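Encoded as structure tokens, the structure appears first; notes follow it.
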Amino acid sequence: MSTRLLIDHRLGAVSQETAPSVAGSGAGPVVVRHPEKAHRPDNPILRKPDWIRVKAPNSPVYHETQKLMREHRLVTVCEEAACPNIGECWSQRHATMMIMGEICTRACSFCNVRTGQPLALDADEPNRVADAVAKLGLRHVVITSVDRDDLADGGARHFARVIAALRLASPNTTIEILTPDFLRKRGALEIVVEARPDVFNHNLETVPRLYPTIRPGARYYQSMRLLDTVKQLDASIFTKSGLMVGLGEQRLEILQVMDDFRIADVDFLTLGQYLQPSVKHAAVDRFVTPDEFADYAAMARAKGFLQVSATPLTRSSYHADEDFAALRAARALQNTRSANTAPASA
Ligand code: SF4
């Protein structure tokens, strides 16, 4: 049987994708990163086109960011998801922290985060996140998490504690959260919304037809309703969502999801190319060209999103700082226009 190895840079350990034959080989501790995917047939990884290439991460600020994350014992989605933008983002101190551990209770076929039984919540984590963000000096921070179906509130209170700690330590930093779907967690969303993040982001990831294979533990309608409910609970919070393309979706399906987002009053759409983390993950169907991304962006703007980011390397938190400034400016302009066109009261 062939054995495929992944090097886990964060842990400095070897992760094994298929056979357990490495155990006992003297290669050191073996961490099986995706045991739930081990039985799947291999999907060959396609060669990336020129427009996907990124620079190797090696600037001094990159290493400072990495050191700070280690010192504060924080997990980042940048590393866990093997994000291609890490060199650029961390060189600007833009790290996206992933709270509530590094083990997820879901097993989405596109995602590089480990699946399994998570550890208990760390009560000190909100303070460490807040301290790290203050040291990074961020104007805008993005906080995400693994899915915690094992917790009664899905981790909603922990999100609220992190937001409160950030407000205390960095009152001028705007806060964007990228949450799970809180499926079957009654009352969880209300707890997070009451903590008043500036941006509530929840990714739909793909078109509804592909949910059974790409996001089997999630429900399209639940995710869309989550975003809709945020607006109903507090219309001042910006809502944001993203899709990956290149998973086998059709253009018309993407346009249909855009329309659904607009019905839910979602403000900000992100669209990026899906990249396959390993041979055991969902296959890339094709690489969407930069021209097609530009077409999607134009369609989205025409449909009324306040802000759109659609490029091959777009990720939820990529350029989130500048994009939040643009988002806020777009809303201010929209409010001014509405005020100018409102009928004068008698
Ligand atoms: S795009 Fe987001 S996840 Fe990727 S490196 Fe940048 S901040 Fe991290």
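The backbone N, Cα and C atoms fix where each Cβ goes, glycine too.
It should be emphasised that the depicted structure is a prediction, and the values quoted were computed from it without experimental measurement.
If you look up TrEMBL, you'll see Cys78, Cys83, Cys89, Ser317 marked as [4Fe-4S] cluster 1 binding site. Listed in sequence order, Asn85, Ile86, Cys89, Trp90, Ala95, Thr96 are the same-chain residues at least 6 apart in sequence whose CB falls under 8 Å from the CB of Cys78 ([4Fe-4S] cluster 1 binding site).
What TrEMBL records for Cys104, Cys108, Cys111 is [4Fe-4S] cluster 2 binding site. In the three-state DSSP assignment, the secondary structure recorded for Cys108 ([4Fe-4S] cluster 2 binding site) is coil.
According to TrEMBL, the feature compositional bias 'Low complexity' maps to 19-32.
The compositional bias 'Basic and acidic residues' annotation in TrEMBL covers 33-44.
Sequence annotations record features per position, and here TrEMBL assigns domain 'Radical SAM core' to 90-306.
Look at TrEMBL and you will find 19-44 tagged as region 'Disordered'.
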Length of the line joining the Cα atoms of Cys104 ([4Fe-4S] cluster 2 binding site) and Cys83 ([4Fe-4S] cluster 1 binding site), in Å: 17
Non-site residues, in chain order, whose CB comes within 8 A of the mean position of the CB atoms of Cys104, Cys108, Cys111 at [4Fe-4S] cluster 2: Arg106, Ala107, Phe110, Asn112, Val113, Thr115, Val146, Asp147
Binding-site residues close to ligand 1 - of Cys78, Cys83, Cys89, Cys108, Cys111, Ser317, only those whose C-beta is under 6 Å away: Cys78, Cys83, Cys89, Ser317
Tertiary neighbours of Cys111 ([4Fe-4S] cluster 2 binding site) (same chain, Cβ under 8 Å, six or more apart): Ala81, Cys104, Pro277, His281
Cys89 ([4Fe-4S] cluster 1 binding site) - helix vs strand vs coil (DSSP): helix
Inter-residue C-alpha distance, Cys108 ([4Fe-4S] cluster 2 binding site) and Ser317 ([4Fe-4S] cluster 1 binding site) (nearest angstrom): 19
